[in-house]
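Let me begin by presenting the structure, written as structure tokens, before commenting on it.
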Amino acid sequence: MAGFLIWLLLPLHFSMGCCERQDGGRSDPFRYVDRERSYRVSESPPRDAGVRFQEYDPPGRGVYDSRTRENEELLGRFLDTQDPRYYNADRYPEKKRPDVNEEDGRIRDGTPPGFRTDFIPSRELINLLFQADTLLSQQCTSNVDAQWAFETNINEATQLQALEGQLAYTEAQIKIRDVLCKIPKDRVRENHLWRAIRFLSVIGIAALPRDQLDRYNRLINDMLAVYNGATTCSYKDPLKCNLRLEPDLTNIMAKSKDWDELQHTWIEWHRRSGQKIRDLYDQMVDLSNYAARLNNFTDYYEYLSFPYESPSFRLDVEDAWAQIKPLYDELHAYVRRKLRDLYGPEKLGREAPMPAHILGNMWAQSWTNILDVTIPYPGKTFVDVTPQMNSQGYTPLTMFRLAEEFFLSLNLSGMPPDFWAHSLLQEPPDRPVICQPSAWDFCNRRDYRIKMCTRVTMKDLVTIHHEMTHIQYFLEYRNKPKVFRDGANPGFHEAVSEAIAMSAGSPKHLRTLGLVFSSNDDIPHNINYLYSLALDKLPFLAFSLALDSWRWDVFQGAIPKERYNCQWWDYREKIGGIKPPVLRSETDFDPGSKYHVPANIPYIRYFVSTVLQFQIFRGLCRAAVKQAHLNPSDPLYKCDVYRSSAAGNVLANLMSKGSSQPWQEVLQESIGESRLDGGALRDFFAPLEEWLRNENLRTGETVGWLYDGDYCKHSIETANLQVLGGFYNSAPKNEVFGLAIFLFLIVQFMS
């Protein structure tokens with residue numbers, strides 16, 4: 001390996017650099033995990049703010065030298081690694097150069113070392129990329145092996161091996177990046193080669209100097225230690241002070257309908273988690289921006305938005321939300337009325353934003369846990385086929401075979417032998433494992449696995465289809481170079497998987513499987529079905545946009561440290577009509593109570609994937625309807641792409657490109673669309689939107705919300721004195737008690 005790295009460095013003593021293009025998603029481990037469900041925008045940058053992110057296209061790119069045919073053959077072999085010659089290490093034997101002085105390595109005519117007078121950029125670059133691809137694939141396989149060993153057998157030894165594997169993989173990325181950064185970009189004529197060089201130059205935070213990287217990691221670890229170690233006291237049993245987020249607080253937020261208990265739980269979690277990491281987070285912001293500048297970005301926001309390959313990415317997501325917001329507003333108004341009926345008008349005004357603590361989730365990002373008190377048609381149960389699955393003798397293996405058959409019906413691939421031999425499909429009784437469902441690519445084009453502690457439930461049946469879609473994605477782009485074996489943008493993998501999950505979990509598909517009776521296909525059941533989906537999808541879009549809009553402005557310096565918390569609630573109110581349950585202050589740090597903030601994990605990918613999943617689902621359904629000669633005006637939510645080879649062809653075309661093209665091109669070539677479009681989501685929920693509109697008109701409910709008072713005080717002293725009227729004092733209780741005694745003594749003294 002050392003010899004290879006020396007060889008790698010020799011021919012590339014070039015000036016200039018390619019490392020001004022960074023992609024925030026390329027250095028993640030090669031697995032896909034279900035997103036966590038425990039899961040007025042300030043001035044936007046001008047539309048040309050991201051022009052620097054456009055692909056570099058120097059004059060003459062695409063104009064080849066006299067060896068065009070030979071270079072095209074080499075490029076084709078690089079882009080299609082099924083070619084058996086790909087694995088031939090001696091395909092380009094190194095030759096002695098008669099024009100090079102053996103003693104000092106300089107070319108005799110004075111050309112800098114590393115160049116020949118007959119230098120052929122394409123040939124040299126393709127050879128280099130072959131070697132880099134081989135090295136990264138090997139290191140990736142070793143790394144994923146170590147991560148798998150840890151997550152399927154948690155102990156100190158496997159944890160150490162996992163850390164070592166990740167470190168070795170990162171070091172390989174850094175070494176290759178250092179080489180590629182010396183390539184003068186005006187010498188790269190082929191777009192695919194330039195794209196590969198840009199992506200291989202991605203090392204993210206690893207660009208920091210070693211001491212600063214260590215400091216960054218310590219900050220992340222310290223913040224996560226606070227987050228993961230936070231415990232609170234029970235509202236009903238104040239002496240019980242060992243309640244953790246999972247499962248204790250999550251269950252309380254999901255099941256309790258006691259306003260005071262929910263408020264207490266919300267307050268205590270935010271005090272014990274986010275409030276304690278505020279100063280650490282500010283230091284992490286500085287280091288993140290420093291890393292971005294080392295990669296020739298202005299700030300960390302530009303670094304994070306780069307993989308979306310749009311000069312107006314922020315405006316793109318805001319435009320998509322503007323398309324969806326009329327539907328969200330109708331849902332918000334309906335839910336607010338139902339909760340006002342439950343808690344009383346004195347606690348929830350007719351035109352007010354909704355308090356975050358009564359929506360069934362710690363962050364109000366999913367409202368599915370209040371379905372029981374807001375469901376449009378009580379008694380008309382929405383689909384849950386778990387009892388039927390158990391009565392019909394389903395097992396975890398049955399469920400996985402059923403998912404495989406779904407893809408075979410689309411004329412896609414079955415699972416390879418290694419999948420069935422090595423996947424973990426049930427929780428083992430003899431060792432601790434991480435049970436969160438995940439799909440794994442071992443970077444060797446043959447080993448793909450799912451890790452899941454499967455239970456015989458409808459939820460897990462849909463999750464299996466979701467995870468197996470990730471495996472299908474891996475299989476479709478497996479013959480691309482390692483650098484292009486990824487989703488077209490950071491949200492694509494999840495979008496495709498959720499599109500298939502929507503089909504697999506639809507009432508129509510469940511009827512096809514014999515798990516749902518056709519008598520349930522009526523307006524009340526269908527509205528309940530759409531409503532249950534909307535409670536998950538729509539609030540999540542509002543939350544994810546608010547979270548990363550806030551972070552982007554923090555990274556860009558638009559929000560000073562002394563306004564972190566108050567500006568957060570400004571975003572929550574303006575974007576989603578959500579307010580805190582009690583008065584907040586700048587001693588609090590409420591966004592830090594969401595895991596992805598201290599972990600510094602981007603969240604906007606989930607917004608993108610949610611919008612895209614409906615676009616992809618609509619594209620697949622159009623292909624299926626056309627093939628089967630069905631009525632194209634049928635409701636989109638009733639579509640099931642099962643047994644449609646036409647839909648399978650669209651899916652294969654979309655997935656097989658990996659990240660070798662900009663996502664806009666991939667989407668255009670597969671479903672005929674080239675941008676984020678919230679219209680597909682509106683089409684899917686059209687019957688529900690009409691029902692909500694009529695219901696809100698019938699009850700005279702105000703659609704939208706009005707700002708109804710201060711949610712956050714900049715002045716710490718002012719906030720701390722708000723101890724009555726439902727406001728929460730952000731100071732510790734003993735300090736408040738001490739303050740009360742102090743004021744009492746002053747009054748006594750003056751009298």
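Quick reminder: no glycine exception, Cβ is built from N, Cα and C everywhere.
Between CYS233 and the candidates CYS181, CYS241, TrEMBL records the disulphide pairing with CYS241. Checking CYS566, CYS639 against TrEMBL, the residue bonded to CYS621 by a disulphide is CYS639.
In TrEMBL, the cysteine linked to CYS453 by a disulfide bond, out of CYS435, CYS566, is CYS435. Counting only the Cα atoms, the space from CYS453 (disulfide bond) to CYS233 (disulfide bond) is about 31 angstrom. In this structure, of the disulfide-bonded residues CYS233, CYS241, CYS435, CYS453, CYS621, the smallest number of CB atoms within 10 A of the CB marks CYS241.
The two recorded residues, CYS639 (disulfide bond) and ASN153 (N-linked glycosylation site), show a Cα separation of 41 Å.
Neighbour list (ASN153 (N-linked glycosylation site), Cβ cut-off 8 Å, at least 6 residues apart, same chain): ARG431, PRO432, VAL433. Neighbour density for CYS639 (disulfide bond): within 10 A of its CB lie 24 other CB atoms from the protein chains shown.
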